[in-house]
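Asker: From TrEMBL, here are the annotated features:
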BINDING   Gly25, Gly26, His27, Asp45, Phe71, Asp90, Gln97  S-adenosyl-L-methionine binding site
Amino acid sequence: MYAQVMEGLRILEDGIYLDGTFGRGGHARGVLQRLGTGGRLLLMDKDPEAIAVAEHEFGADPRVAIHRGSFTDLAHWSTAQHGLDGVLLDLGVSSPQLDVAGRGFSFGKDGPLDMRMDPDSGESAAQWLARAGEAEIADVLWNYGEERMSRRIARTIVARRAEQPITRTAQLAELVASVMPRGKPGQKEIHPATRSFQAIRIHVNRELSDLEAGLDAAHAALRPGGRLAVISFHSLEDRIVKRFIARHAKAPAGNRRLPAAEDFVPTLRAIGDARKADSTELAGNPRARSAVLRVAEKLGENPAACAGGTR
Ligand SMILES: C[S@@+](CC[C@H](N)C(=O)[O-])C[C@H]1O[C@@H](n2cnc3c(N)ncnc32)[C@H](O)[C@@H]1O
């Protein structure tokens, strides 16, 4: 997927790029290797630990600008106001966020039930679970985790928190596991709390609304010919990216209440189809198994001039 991202972004030596999800800089390093001295790279992440790594590794590079915050705010930064030749959004959580128990993302490691990518913003998972109503919890588990036991889990959370606050990841993982039906013997199963943890994390970090706002902000900031590359990790995100690209690339199907198709001016074109990690990458990084990459190119004033083919 790394090579596919670099190819998709089609990096120009003197171009201006945004990595909106720096993480630990795997993709940023690749972009910098391809940029000349006149190129610029804006690095963003919500996570202060990611930003500390960016400062340490790239803070002295005159081509790099670093900002802590959500990629939804990319238009605030002067580097982005010059127009961008490429935007990369590699969504979801980073390996260090999952692996460090103290961040509270993992059902496999006991830690404080936090799950915030930016620990200085919004409610932690524990704070939200302490105050949310039963129906709200069930909706989050169902909408963001497709958890079939959402109502039963929500009911148990509300009953359990009346006895004792739910503040640890192990407490929540055990509570969810206790209400799930037992799997059939020999059946290979994911951890029973996987879907609930995913759902609560998406909710606490406002991941889907950030994605929608981030796509709009990237679209507005890209120059004609600029490339947008988005890696998503579950179908909810991929659906948003796919529909976003289609909405800007294709005239809507005939409908009396929508503007006529001939008035539609495409502002993006999809570059190839959705791509997945190949077997070599999966062998080295099993977490990439659900990753999907989509790439699109911003069109200019005269879309016909640059809309030849899909590559
Ligand atoms: C999958 S990791 C990125 C890995 C990175 N591409 C690399 O090569 O190391 C996702 C990162 O995006 C950050 N993130 C997620 N949503 C964000 C948002 N709305 N704005 C800024 N950063 C975000 C997370 O904090 C995390 O560090």
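Quick reminder: no glycine exception, Cβ is built from N, Cα and C everywhere.
Curation plays no part in TrEMBL annotations; they are all automatic predictions.
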Asker: Which one is it: of the binding-site residues Asp45, Asp90, which Cβ has the fewest other Cβ atoms within 10 Å in this structure?
Answerer: Asp90
Asker: Cβ distance under 8 Å to Gln97 (S-adenosyl-L-methionine binding site), same chain, sequence separation 6 or more: which residues?
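Answerer: The answer is Asp47, Arg103, Phe105, Met117.
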Asker: Looking only at Gly25, Gly26, His27, Phe71, the binding-site residues on record, which one has the least crowded Cβ, with the fewest other Cβ atoms within 10 Å?
Answerer: Gly26
